[in-house]
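J.: Straight from TrEMBL, here's the annotation block:
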type	residues	note
TRANSMEM	19-39	transmembrane segment
DOMAIN	26-474	domain 'Major facilitator superfamily (MFS) profile'
TRANSMEM	80-99	transmembrane segment
TRANSMEM	111-130	transmembrane segment
TRANSMEM	136-157	transmembrane segment
TRANSMEM	169-191	transmembrane segment
TRANSMEM	197-221	transmembrane segment
TRANSMEM	282-306	transmembrane segment
TRANSMEM	318-340	transmembrane segment
TRANSMEM	383-408	transmembrane segment
TRANSMEM	420-441	transmembrane segment
TRANSMEM	447-470	transmembrane segment
Amino acid sequence: MAPAVVIGNGDMPEFEGRITVYVAVCVVIAAFGGLMFGYDIGISGGVTAMDDFLKKFFPAVYERKQHAHENNYCKYDNQYLQLFTSSLYLAALVASFVASKVCSKYGRKPTMQIASVFFLIGVALTAGGVNIEMVIIGRILLGCGVGFANQAVPLFLSELAPTKIRGALNISFQLFITIGILIANLVNYWASNIHPYGWRISLGLAGIPALVLCFGSFAICETPTSLIERNKVEKGRKILRKIRGVDNVDEEFDSIVHACEMARQVKQPFRKLMKPASRPPLVIAILLQVFQQFTGINAIMFYAPVLFQTVGFGNDAALLSSVITGAINVVSTFVSIYLVDKAGRKILLLEACVQMLLTQGIIGGILMKDLKATDSYLSHGEAIFVVILVCLFVMGFAWSWGPLGWLIPSETFPLETRTAGFAFAVSSNMLFTFIIAQAFLSMLCHMQAGIFFFFAAWIVVMGLFTWFLLPETKGVPVDSMVEKVWKQHWFWSRFMGGEDEVKVV
Ligand code: BGC
């Protein structure tokens, strides 16, 4: 058993407890929610590049793909094909608001259980799809699962984690997302050679993490915060003892009770969120998600195989290249886990902006120069160079905007608006993921290489925003953000200290 340690963070009160095996098990099971999300992100690009899938559901796209003189950039431009990918995110957007209510009213655990049931039905409909309607309905149900899981899992992880390792544990959600994407890339690589049902295997294997989440969720506990918030005070104390592995949890218990009392005074968290004093964390949570998506990451995560075919690789090589970018994504996330509490959030975000700007710019330049719409291919060397640049781009994203896009919104809201505020972060993420999923192939077709300059321009904007407007939150206790961050900031302080800050309930 791990030795008893005193857990604390900076000037946070030091609570007693150790990192128990039980907490570790709960964390791994819950993180399967992230794995499901990642699997869904990674699987659709490979499936939409499989001929058997296209022949069955999108014969027009299949025909177009066969034409030798087809426009390089437009092979896959089809609104329905994009809807296959994007419908999931639209559903997740709506579901995350419902999930936020379920999460506060019934707890994190049932929210995750509902997510797993949505996932399981969604998997059955997509893998067993006989027509496009059935497949799209399946994607919508998967989206509901994503909305519920993404709302509950990060909060569950943050509330269960001992304070000292909360940042790292929170990023384990992103780590599982990237592992899910990588597994999906590997499955696609293998299943694309199984005819004619490879795509069914790809979509069906999503059932495994869903089953783990479904059955595993019976073994996990509810978080003490959620129990106490719902007046199950003694049960909350019992669970706190169990997860911390010590009898004396009085101090931490009292602090949760106090936070819950404060939160309870706010009857309408969504209304409170609209008041000026809530604006700084809300604007930042939403903008981080917008910027995260406008890095262009999902153009690569969803459509890497399509993109790599566009630059001239065959089907297999294109899928293999996606496996490589998927692996880089996983490994680079560890860099973030290691550095985030040492180097800080801002430096990671800014460094990544430079790295992503350069790589997007060079990719755009190469394609503009050498990949014309018709009768033109990149040389093998150039195509490999593009893959390397894509890897460098993914690397930068994976240690910055990927994990921090989720971490920062989860640590900057006060408890009374935390679930409501986080619901805005989740739904903004889904909205902009939807926009990229729905528009990318058409944008690629119309803007051609210019699409990379479009993303590069956004990277400049987000770099400036980070430099001037994003406060550093490294080492700041979660419940001192208002005093230590917002009230001290040259710009955001103007929203603080008004009547609203104290009175709105
Ligand atoms: C983003 C996803 C993205 C993934 C890539 C996540 O943080 O929200 O949209 O596909 O990172 O690893």
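Each residue, glycine too, has its Cβ placed from N, Cα and C.
Keep in mind that TrEMBL annotations are predicted by a computer and have not been checked by a curator.
In the displayed structure, how are the listed features positioned relative to their neighbours?
T.: Among residues of the same chain six or more beyond the transmembrane segment (19-39), those with a C-beta under 8 A of the stretch's C-beta atoms are 1-2, 5, 112, 115-116, 119, 145-146, 149-150, 152-153, 156-157, 160-162, 165, 169, 172-184, 205-206, 209-210, 212-213, 216-217, 219-221, 242-245.
Residues of the same chain lying 6 or more positions beyond the ends of the transmembrane segment (111-130) and with a Cβ under 8 Å from any Cβ of it are 30, 33, 36, 57, 95, 99, 102-103, 137-149, 151-153, 156, 200-201, 203-204, 206-207, 209-211, 213-214, 217, 220.
For the transmembrane segment (136-157), the residues of the chain that approach it from at least six positions outside its boundaries are 26-27, 30-31, 33-34, 36-37, 40, 83-85, 87-96, 98-100, 102-103, 108-109, 111-112, 114-119, 121-127, 129, 169-170, 172-173, 206, 210, 213, 223, 406, 410, 418-419, 422-423, 426-427, 429-430, judged by C-beta separation under 8 angstroms.
Residues 22, 25-26, 29-30, 32-33, 35-36, 39-40, 43, 46-47, 50, 52-53, 109, 112-113, 115-117, 119-120, 122-124, 126-129, 142, 145, 149, 180, 184, 187-188, 191, 239, 242-243 of the same chain lie 6 or more positions beyond the ends of the transmembrane segment (197-221) yet place their CB under 8 Å from a CB of it.
Through the fold, the transmembrane segment (282-306) approaches residues 41-42, 44-46, 48-49, 75-76, 85, 181, 185, 188, 273, 315, 318-319, 321-322, 325, 329, 356, 360, 390, 393-394, 397, 401-402, 404-405, 408-409, 412-413, 421-422, 424-425, 428-429, 432-433, 435-437, 440-441, 444, 451-452, 455, 458-459, 461-462, 465, 469-470 of its own chain, all at least 6 residues removed from its boundaries and within a Cβ separation under 8 Å.
Same-chain residues lying 6+ beyond the ends of the transmembrane segment (318-340) with a Cβ under 8 Å from its Cβ atoms: 42, 45-46, 49, 167-168, 171-172, 174-175, 178-179, 181-182, 184-186, 188-189, 192, 300-301, 304-309, 348, 387, 390-391, 394-400, 402-404, 407, 474.
For the transmembrane segment (420-441), the residues of the chain that approach it from at least six positions outside its boundaries are 76-79, 81-83, 85-86, 89-90, 92-94, 96-97, 99-100, 143, 146-147, 150-151, 154-155, 269-270, 272-273, 278, 281-282, 285-286, 288-290, 292-294, 296, 298-299, 302-303, 306, 405-406, 409-410, 413, 451, judged by C-beta separation under 8 angstroms.
Non-local neighbours of the transmembrane segment (447-470) in the same chain are 73, 284, 287, 291, 294-296, 299, 345-346, 349-350, 353-354, 356-357, 360-361, 363-365, 367-368, 371, 373, 401, 440, 491-492; each lies 6+ residues outside the stretch with a CB under 8 Å from one of its CB atoms.
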J.: With Cβ-Cβ distances below 8 Å as the criterion, list the same-chain residues six or more beyond the ends of the transmembrane segment (169-191) that contact it, or say none.
T.: 27, 31-43, 45-47, 50, 153-154, 157-158, 160-161, 198-199, 201-202, 205, 209, 301, 304-305, 316, 319-320, 322-323, 325-327, 329-330, 333-334, 336-337, 340, 398, 402-403, 406-407, 410-411
J.: For the domain 'Major facilitator superfamily (MFS) profile' (26-474), provide the mean pLDDT of the predicted model.
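T.: Averaged over the domain 'Major facilitator superfamily (MFS) profile' (26-474), the predicted model reaches a pLDDT of 90.
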